[in-house]
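Features as listed in TrEMBL:
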DOMAIN    15-222  domain 'MARVEL'
TRANSMEM  21-42  transmembrane segment
TRANSMEM  101-123  transmembrane segment
TRANSMEM  135-156  transmembrane segment
TRANSMEM  196-218  transmembrane segment
COMPBIAS  228-251  compositional bias 'Polar residues'
REGION    228-296  region 'Disordered'
């Protein structure tokens with residue numbers, strides 16, 4: 001308990017509120033829904049075979065199938081309308097590859113999302129160390145985005161084929177009794193596809209989540225940091241250098257002008273000795289003298 005409390009206390013759970021951590025939790029949940037709705041599916045269809053001889057009829061022939069949809073291994077016994085003899089028939093098709101591929105991607109996405117969330121919360125410093133964690137996370141996110149698109153598209157096509165192969169009308173064509181016009185064969189119950197349709201929807205939603213999360217993982221890498229830092233550093237240094245150069249140039253001109261003989265510095269205006277000697281007036285501080293008398 002002490003170790004668990006220490007981990008919880010040191011964990012930075014605020015990352016869960018950020019887009020990076022929040023999307024990982026959504027990916028984790030949606031991955032569960034994807035493989036649960038597909039991998040846990042089991043369906044049933046029913047047909048009716050009404051023979052001309054009523055004693056040979058079977059008005060409820062049930063056929064069950066489930067994940068991974070190896071339909072060629074699903075068999076059932078159907079009446080032949082020829083006495084009590086029955087024939088064993090198999091459904092057509094093997095769609096396990098697309099279904100298992102879809103579920104495998106969902107399981108691995110679930111595990112990776114869970115592991116990445118734990119790393120974000122408890123090992124964030126190691127995650128950002130040497131920038132290796134964000135780079136690996138970015139590459140894995142891109143790969144999973146592509147895999148979700150491929151697996152969801154393949155499973156959507158596989159589900160369409162499964163629906164066709166398990167259509168009661170198609171199954172009736174496999175029975176020899178239904179090829180005789182005197183016998184009546186009718187579909188009674190179709191499989192319920194809501195769960196498998198939901199799995200396809202969650203597959204494409206997972207693709208959208210993972211593709212959208214590429215940007216937020218990219219922001220954690222050094223590539224995004226370098227592109228953001230370089231322009232800002234140049235723009236900050238340029239004005240400061242320009243101002244310093246202008247200041248030094250102005251100071252230099254002021255000092256040269258002050259040292260030249262043509263113009264005095266601003267503090268020397270009251271010390272012009274030559275100006276007071278023009279015309280014999282004397283110094284600048286001029287005081288009126290007695291009147292001058294002229295002798296004849």
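Cβ atoms here come from the backbone N, Cα and C positions, even for glycine.
A TrEMBL annotation is a machine prediction, not a hand-curated record.
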When counting Cβ pairs under 8 Å to the transmembrane segment (101-123), the leader among 21-42, 135-156, 196-218: 21-42
Residue numbers, six or more beyond the limits of the transmembrane segment (21-42), whose CB comes under 8 Å of its CB atoms: 15, 64-67, 99, 102-103, 106-107, 109-110, 113-114, 116-117, 120-121, 155, 195-196, 198-199, 202-203, 205-206, 209-210, 212-213, 216
Within the predicted model, mean pLDDT of the domain 'MARVEL' (15-222): 92
